[in-house]
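Engineer: Following this message is one structure expressed as C-alpha cells.
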Ligand code: 0CG
Ligand code: SF4
C-alpha cells in the first residue's frame with residue numbers, strides 16, 4: 001500500500017528576520033524547583049490526593065500539571081479533609097496555619113521557599129529585640145500575609161510606597177526595623193528604604209538584602225535587553241509578583257512590555273512592525289512555555305534568536321527532611 005501523501009507544510013514566514021533577545025537568567029528559581037519537587041515526591045509517597053494550600057507557585061500550567069497527577073489545590077486549611085496530607089505553597093503561610101494543621105493531626109509539608117522563611121525568622125528576631133517592624137511589600141500578596149502572620153498583630157506596619165513612608169507617624173527615637181517581601185522591584189525598594197532612612201536614621205536594617213537572588217537577577221537580565229527592544233514579552237501570571245516587576249522594569253527602560261501566560265495570547269500584530277523583541281519569564285514560569293512562545297513567534301516572522309546572559313545561577317535548596325529518604 002502506498003504511504004499517505006504527506007500534508008504540505010505551512011509556508012515558512014517571509015521577510016526581515018525579527019531579532020529575538022532572550023534574557024538569562026529567566027524562569028524557574030531554586031525555590032520553585034523545590035516546591036514543585038515537594039508536591040511530586042509527596043504524590044509518590046502518599047498517593048493521590050495530596051492537598052496543596054494555595055497555588056504551589058503562581059503559574060496555571062504548573063498547577064494544572066500537578067492537578068492532573070492528583071494534587072488538589074485549596075485556599076484554606078478547612079477545605080482539607082481530616083487525614084489527608086497537605087503542602088503549604090512556596091510563598092509561605094502565617095504561623096496559625098501549621099499550628100492548625102498540627103492541632104488537626106494533619107500530615108503537613110512546608111514548601112515555603114527557604115529565602116521567605118529567612119525573612120520570617122528575621123521578623124521574629126526583631127520583635128524579640130523589642131522593635132516595631134516596617135514591612136515593605138504589596139498588601140494582600142500571600143507572602144506578605146504569611147510574613148505578617150509570624151509576629152503578633154500590631155507589631156508590624158505595611159509600607160507599600162514612598163507616600164506611605166511620608167504618612168508614618170512614629171515618634172523620633174522609636175525602635176524600628178524594616179524588612180521586605182522577596183519579590184519586589186529592586187529600584188523601587190531602594191527608594192522606599194532611602195525614604196525610611198531619611199525619616200528614621202536609626203532604623204534597623206536587615207543584615208542581608210531580603211529581595212531574593214532570583215528576583216534581582218531576573219530584573220538585571222531584563223534591564224540588559226529592554227533598552228534594545230521595542231517590545232518585551234514576559235511570561236508569567238497576573239498574580240505573580242516577581243513577573244509583574246519584570247514588566248515594570250522593561251517599561252522603565254523605554255520598551256513596551258506585555259505579560260503573557262501562554263503563546264496563544266500573542267497577537268501577531270504586535271510583531272509586524274518591530275525589529276527587536278525581548279523575551280523573559282518570571283520565576284514560576286517553566287522553560288517549556290518559553291520554547292512554546294519562541295515556536296509560535298517563528299510561525300509569524302523569521303527569527304534571529306540571541307540569548308543575553310547577565311549571570312549564572314547555581315542555587316539549589318534542600319528538600320524537607322521528611323522527603324529526603
Ligand atoms: O512572585 P510571587 O511571590 O508572586 O510568586 P511566584 O509563584 O510567581 O514565583 C516564585 C515563588 C514562590
Ligand atoms: Fe524563593 Fe525568590 Fe524563588 Fe520566591 S522568587 S521562591 S523567594 S528564590
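Note that Cβ sites are derived from N, Cα and C of the backbone, with glycine treated the same way.
These came from TrEMBL, pasted as-is:
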- 29, 113, 212: [4Fe-4S] cluster binding site (BINDING)
- 58, 91, 141, 240, 241, 242, 284: isopentenyl diphosphate binding site (BINDING)
- 58, 91, 141, 240, 241, 242, 284: dimethylallyl diphosphate binding site (BINDING)
- 58, 91, 141, 182, 240, 241, 242, 284: (2E)-4-hydroxy-3-methylbut-2-enyl diphosphate binding site (BINDING)
- 143: active site, proton donor (ACT_SITE)
Engineer: For residue 58 (isopentenyl diphosphate binding site) and residue 182 ((2E)-4-hydroxy-3-methylbut-2-enyl diphosphate binding site), what Cα-Cα distance in Å is obtained after rounding to a whole number?
Structural biologist: 14
Engineer: Reported as an integer number of Å, what is the Cα distance between residue 91 (isopentenyl diphosphate binding site) and the residue listed as 'active site, proton donor'?
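Structural biologist: It is 5 Å, counting Cα to Cα.
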Engineer: With residue 240 (isopentenyl diphosphate binding site) as the reference Cα, tell me which of the binding-site residues 113, 182, 212 is the closest one.
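Structural biologist: Sorting the binding-site residues by distance from residue 240 (isopentenyl diphosphate binding site), the top entry is 182.
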Engineer: Return the members of 91, 113, 143, 182, 241 (the recorded positions) with CB less than 6 angstroms from at least one atom of ligand 2, or none.
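Structural biologist: The ones that qualify, in sequence order, are 113, 182.
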Engineer: Once 58, 91, 141, 240, 241, 242, 284 are set aside, which residues in the chain still have Cβ within 8 Å of the Cβ centroid of the isopentenyl diphosphate site?
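Structural biologist: Filtered neighbour residues, in order: 57, 142, 143, 183, 237, 239, 243, 282, 283.
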Engineer: As a check: which entries in 143, 182, 212, the recorded positions, place their Cβ less than 6 Å from an atom of ligand 1?
Structural biologist: 143
Engineer: For residue 113 ([4Fe-4S] cluster binding site), what is the tally of other C-beta atoms lying within 10 angstroms of its C-beta?
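Structural biologist: Result for residue 113 ([4Fe-4S] cluster binding site): 26 other Cβ atoms within 10 Å.
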Engineer: Tell me the Cα distance separating residue 141 (isopentenyl diphosphate binding site) from residue 113 ([4Fe-4S] cluster binding site), rounded to the nearest angstrom.
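Structural biologist: With the alpha carbons as reference points, the distance is 15 Å.
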Engineer: Using residue 212 ([4Fe-4S] cluster binding site) as the reference point, find which of the binding-site residues 141, 182, 241, 242 has the shortest Cα-to-Cα distance to it.
Structural biologist: 182
